[in-house]
Amino acid sequence: MLTLTKDRALALALLLIVAVMWMESGSIAPPTSWQPYGSALFPRILLVVIGSFSLLILVRSLLVKVPERAGAKQLVAGWFKSRRTILALFLLFGLYAALLPAVGYIATTMGFLVASLALLMGIDTRRKWIINLTLSFTLTLVIFVVFRYGLNVWLP
Amino acid sequence: MTNFFLQALAEVGTPSVLGLIVIGVLFGIIGGSIPGFTVTMAILVVFPFTFAMDPVSGVSLMVGVFVGGYSGGIVSGVMLGIPGTPSSITTVYDGYPMAQKGEPGRALGIGVASSFLGTIISVAVLVFFGPLIASFSMNFRPWEITALIVFALTLVAGLSSGALLKGLMAAALGLLITTVGYDRNSNLRFDFGLPAMGSGFEILPVMIGIFAFSQLLGNIEKLKDEKSEAKNIDTNVTIPYGQILKDMAGQKLNTLRSSLIGSLVGALPGTGGTVANFLSYDQAKKFSKHPEKFGTGTPSGIVASEASNSAVAGGAFVPTLALGIPGDLPMAIMMGVLILHGITPGPMMFEQNPVLVGAIYASLLIGAVVMVLCNLLLVRWFAKISLIPQQILVPVVLMLCAIGAYALNNNLFDIWVLFIFGIIGYLLWKAEVPLTPLILGVVLGDNLERQLFRALELNESWLTFLTRPLSALFLALAVASILFSLYQDRKIQRLKGAAQQENV
């Protein structure tokens, strides 16, 4: 069975994106007499370039012998497992973006900072909690004041 | 131009703008002195604060960050033995040994003085060559501009990390990102039925997402790999001014050569401070009467390193201002900031916005003076700040990026753009795809498409790109840069193979 490597995963993912975007480019307005090249030509040139390079990366990766490893499923599962902190941080940021319009800047930002600082620094000592809460509280308010009153930018 | 420069100096010389330059320099030094933070990240964090400012104030603040950032690596390099930025790696070679011998003040003083002179010489290069190149490029028509952008992209793709295929692919991907939304003919492209996609992606959230997430999360991954030791450093530093003046008096040629190398390298697309740093250190060693002293704490090594990396700041402005083509990441973001303030960098900028060009010159000069004062007076504080752990920095910077993206248009969609491109950037970085060509593609995409089709509308034959001498020259250079990168890639592979065989 084919072993999944970084290059192979990259090339396959890009080829999939190229295929989807090529199909989507079919819905772009066609060329007319006053726009002889049409709006789809430029992105299609780029899609051909990206597709060709992705194919080359794939072919080149297939020419290199890779020691047989676990299947794709296990590899992907292992990749996610070893990056739990990173994934949790992404998740927290996604939540932050989602809650910002509903809950507002101050509560969401404070929540994001407390949670992500706890995730990265840990919460095993009283000192860490004090640093976490002081920093989250102060920074949230300072940024709010600077943007709202200093720069006239309304935060949600 | 002198009149405009004096006018710009008057605008930059107001207390509020001077205050912004000081803040920018301070923040730049702090950003540059924190290992893993980089000048680019410092610029990204500061740029949202420029939204509500007038162009001169905004640009002055950013230039301050630029000047401070390129000099910031000295502190952590000398005091901790860790380069604050990649462009100060060679500062560590001689700065740290000198500090270890009990002369940290001397090492810092030499570094700061070299940084100052490097910046001043690079401003002279910018003042001389900027308008010259701009007036030459006024003759460029769409064919030449298209070919020049293609050349810049291939050069950056080839030089960025030795992975030519991935670099070229990344550049094309960056260009593709700019095709989302309404195009030059008001036709909708790749909106996937989502109304928010209709207006396309703002380049700044895309750039921040791609760069900041990969960089910050990469720092977190590194922390897991390396057991970081808490360093106890002595921040009680005294600067021996007399000794430094004596040291610098013997380094005139080295300072000039290193500053010119830095300015030249800074002006080339895809290179930047790291290349300037190594190239200049290598040249100083070759020209030195005592090459054996390099790496043991010689002033010549610190001068070569710091004069060259600081000179990159002025040099990098040459192609950005004169041609509208940024050479590296910090400049790509700087160009984004200029565009945000309604200014299109390029040859016309010298005619349309001479005061702003003058303000950039003036900010660079004033920033250099402020940088010296800040570094010498506040060195012990910067040394302490450089110890801020990544675990605290990463969440704070991510939050500032989100607020920056939102504040751009008061639009929550831009935070989602930041997030999605953050994921894409992180995955591409894990797949070892160089991100600089991608970001450059995002910055240059709109202009490339506009110029390409303007050329084809003027003359429908694609062959015109090859029959016009300058356009043909740029395209030939693009091909040559690809061939050179292929040759370099092969050479690296051969060396790797030979090293592996030796190990077996």
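The backbone N, Cα and C atoms fix where each Cβ goes, glycine too.
What TrEMBL says about a protein is an automatic prediction, not a curated fact.
Note that this is a predicted model, so its numbers are computed, not measured.
Quick look at what TrEMBL annotates:
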type	residues	note
DOMAIN	B:18-440	domain 'DUF112'
TRANSMEM	B:20-47	transmembrane segment
TRANSMEM	B:59-82	transmembrane segment
TRANSMEM	B:107-133	transmembrane segment
TRANSMEM	B:145-177	transmembrane segment
TRANSMEM	B:197-217	transmembrane segment
TRANSMEM	B:260-281	transmembrane segment
TRANSMEM	B:321-343	transmembrane segment
TRANSMEM	B:355-382	transmembrane segment
TRANSMEM	B:388-408	transmembrane segment
TRANSMEM	B:415-445	transmembrane segment
TRANSMEM	B:465-487	transmembrane segment
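Taking residue pairs at least 6 apart in sequence, the transmembrane segment (B:145-177) and the transmembrane segment (B:355-382) share fewer than three C-beta contacts under 8 angstroms. Here the transmembrane segment (B:415-445) sits apart from the transmembrane segment (B:465-487); fewer than 3 CB pairs are under 8 Å, leaving out pairs fewer than 6 apart in sequence. Contacts between the transmembrane segment (B:465-487) and the transmembrane segment (B:107-133): absent, as fewer than 3 C-beta pairs lie under 8 angstroms at sequence separation of six or more. The largest share of C-beta pairs under 8 angstroms with the transmembrane segment (B:59-82) comes from B:107-133, of the ranges B:107-133, B:145-177, B:197-217. If one looks beyond the transmembrane segment (B:197-217) by at least 6 residues along the same chain, the residues whose Cβ comes under 8 Å of a Cβ in the stretch are 36, 38, 40-41, 44, 47, 177-178, 180-182, 188, 190-191, 329, 332-333, 336-337, 339-340, 390, 393-394, 397-398, 401, 404-405, 408-409, 414-415, 417-426, 428-429, 435, 438-439, 442-443. Remote same-chain residues near the transmembrane segment (B:145-177) are listed as 201, 206, 268-271, 319, 323, 325, 327, 428, 431-445, 447-449, 451-452, 455, 465, 470-475, 477-479, 481-482, 484-486, 488-489, 492 (criterion: CB distance under 8 Å, separation of at least six residues from the stretch ends).
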